[in-house]
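In TrEMBL this protein carries:
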BINDING   ASN3, LYS4, GLN5, ASP6  GTP binding site
Amino acid sequence: MANKQDLPGAVDDEQIKEILRLKDIKSHHWHIEACSAVTGEALQDGMQWIVRDIQSRVYLLD
């Protein structure tokens, strides 16, 4: 979650990917969701991605 996107000069998702070299990480799932806790923008989208990612890796036995 790339929070504080409501502030001037906030680092965008592409800059974060570059700074953290996320494209080099192949062994883990990652996703950047630009969001703002103040405005609520994209918070639900980010949480939905987290839930879907976990659901895709959890296997339940019946």
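Indices start at 1 and increase along the chain as displayed.
Glycine is no exception: its Cβ is also placed from the backbone N, Cα and C atoms.
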For the GTP site given as ASN3, LYS4, GLN5, ASP6, which other residues of the same chain have their Cβ within 8 Å of the site's Cβ centre?
ALA2, LEU7, ALA10, ALA34, CYS35, SER36, ALA37, VAL38
Which residue among the binding-site residues ASN3, GLN5 has the fewest other Cβ atoms within 10 Å of its Cβ, if you could check?
ASN3
Determine, from DSSP, whether ASN3 (GTP binding site) sits in helix, strand or coil.
coil
Among all protein chains shown, how many Cβ atoms are found within 10 Å of the Cβ of ASP6 (GTP binding site), not counting that one?
13
